[in-house]
Amino acid sequence: MNPRRKKRLTLAVALIGGVAAITSLLLYALNSNLNLFYTPSEIVHGKTDTGVKPEIGQRIRVGGMVTVGSMVRDPKSLHVQFAVHDSLGGEVLVTYDDLLPDLFREGQGIVAQGVLSADGKLEATEVLAKHDENYMPPEVAEAMGQKHEKLDYSQQKAPDTK
């Protein structure tokens, strides 16, 4: 092989290797920063279309309603544990070691982000509560089968109550 051809081959192999290395590092970075959204039923039973369950140690987001009567606070720390459920009957325990949002209440919708532990609990690093009585995050509303519609205000006057 002449020196010119050898130099071209070396350059081509180095270029292909560099592109492969950059692509693999990029995919690894994207995969580690990916937060997939699951409902409690999907965590328990798997996704409806594929049956895929989240892996232990995977960073996920879970959305649903806080189960009434499930909240347990540790009086000596900020640690709190509560259950999140959806309309399909799935329920997941969530543990959180920080201050809960002011709007957090039992029976209301939340989205919690964290890591799934071996015992099936979500060790949350962030908990988001809904804004007002009508708001629900679109992912949670879609997963729970609810439909967002704009309120229809009529131009009629309210009847007198006297």
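Glycine residues also receive a Cβ, built from the backbone N, Cα and C atoms like all the rest.
Taken straight from Swiss-Prot:
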BINDING   H131, Y135  heme binding site
COMPBIAS  153-162  compositional bias 'Polar residues'
REGION    142-162  region 'Disordered'
TOPO_DOM  1-8  topological domain 'Cytoplasmic'
TOPO_DOM  30-162  topological domain 'Periplasmic'
TRANSMEM  9-29  transmembrane segment
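Summarising model confidence by region, the topological domain 'Periplasmic' (30-162) averages a pLDDT of 80.
For the topological domain 'Cytoplasmic' (1-8), the DSSP-based tally of helix, strand and coil residues reads 6 helix, 0 strand, 2 coil.
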